[in-house]
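Positions annotated as N-linked glycosylation site by Swiss-Prot: N170, N179. According to Swiss-Prot, the topological domain 'Extracellular' annotation covers 1-14, 80-100, 163-190, 269-276, on the basis of sequence analysis. The feature topological domain 'Cytoplasmic' is assigned by Swiss-Prot to 36-58, 122-140, 212-247, 298-323, with sequence analysis given as support. Residues annotated as transmembrane segment in Swiss-Prot, with sequence analysis given as evidence: 15-35, 59-79, 101-121, 141-162, 191-211, 248-268, 277-297.
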Amino acid sequence: MATVNTDATDKDISTFKVTFTLVVSGIECITGILGSGFITAIYGAEWARGKTLPTGDHIMLMLSFSRLLLQIWMMLENIFSLLFRIVYNQNTVYILFKVITVFLNHSNLWFAAWLKVFYCLRIANFNHPLFFLMKRKIIVLMPWLLRLSVLVSLSFSFPLSRHVFNVYVNSSIPISSSNSTEKKYFSETNMVNLVFFYNMGIFVPLIMFILAATLLILSLKRHTLHMGSNATGSRDPSMKAHIGAIKATSYFLILYIFNAIALFLSMSNIFDTYSSWNILCKIIMAAYPAGHSVQLILGNPGLRRAWKRFQHQVPLYLKGQTL
């Protein structure tokens, strides 16, 4: 059985590392919570009023709500793993954090992939029968695909609760330079089971996202070149919008892949628990949903207008509270 074993003591993490990790990841998580919470509130309010959400808005609601839960959970895990290490390294608590983290991450990756597939089918233009068929059927199939994604995410995250992670704390490790003892935190990870269940849960949405993003970039690039050849000029608003969409899609594609890699490295315990590399993985994992939530608000005209109204109303509300 291929396992990865790591151990750490309280001395292995400095006050600076704890503070740095909590501050940076905390800012990212709070940004993501505000962004995802705002999107959830906007579309959730429409859904609560009995309105039928368009397919794109429905995906956005599912994605933003799952991201809201993910960022809250990630913030809790960072606090427990850095400040309450004895509690966090109890086997049941540790496994609970890992399984829910994987489930929420897998759900997010699926929803993000479906959002990109939907926009690709709506915006891109390719003369292929399969592409036209998917274009016609996607609106009908999407609600079922979203439900299936949650089920698949659960199916490949719940098995991680058994025979994958094992952690324990030894509180009586002698210190050679003195007569005292120290706590040592041990972790074992079954890499065979982790790689299987993690890859099975992430492989399909990852390929879907890369393929949809690539097709969308190619279609937008081709259309941009066509507009340029017609001498519309780089100052044309439509061309600027296309170039902006290409940049945004490329940026999110890179962030999506980095997040998937960081999640796997963090889950596998390849790096020491409190090493700089593991801290970097935590920061990347928090940056991905926060960055994309901000991009969704800035890139969506309706959300952008709602955000401006919200920014205008908050000072008025606070001013009214002080009177």
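Cβ coordinates are placed from backbone N, Cα and C, and glycine is handled just like the others.
For the topological domain 'Extracellular' (269-276), the DSSP counts in helix, strand and coil order read 1 helix, 0 strand, 7 coil.
Between the transmembrane segment (59-79) and the transmembrane segment (191-211) there are fewer than 3 Cβ pairs closer than 8 Å, counting only residues 6 or more apart in sequence, so the two stretches are not in contact. Here the transmembrane segment (277-297) sits apart from the transmembrane segment (191-211); fewer than 3 CB pairs are under 8 Å, leaving out pairs fewer than 6 apart in sequence. Note: the topological domain 'Extracellular' (80-100) comprises 18 helix, 0 strand, 3 coil (DSSP; helix = H, G, I, strand = E, B). Counting only same-chain residues 6+ beyond the ends of the topological domain 'Cytoplasmic' (122-140), those with a CB under 8 A from a CB of the stretch are 55-56, 215-216, 218-220, 223, 245.
Packing against the transmembrane segment (101-121) from elsewhere in the chain are residues 55-56, 59-60, 62-63, 66-67, 69-70, 73-74, 77, 131, 134-135, 138, 142, 145-146, 149-150, 152-154, 156-158, 160, 198, 201-202, 205-206, 208-209, 212-213, 215-216, 219, 249, 256, 259-260, 263, 267, 285, 289, 292: each is 6 or more residues past its ends and has a CB under 8 Å from a CB in it. Broken down by DSSP into helix, strand and coil, the topological domain 'Cytoplasmic' (122-140) contains 14 helix, 0 strand, 5 coil.
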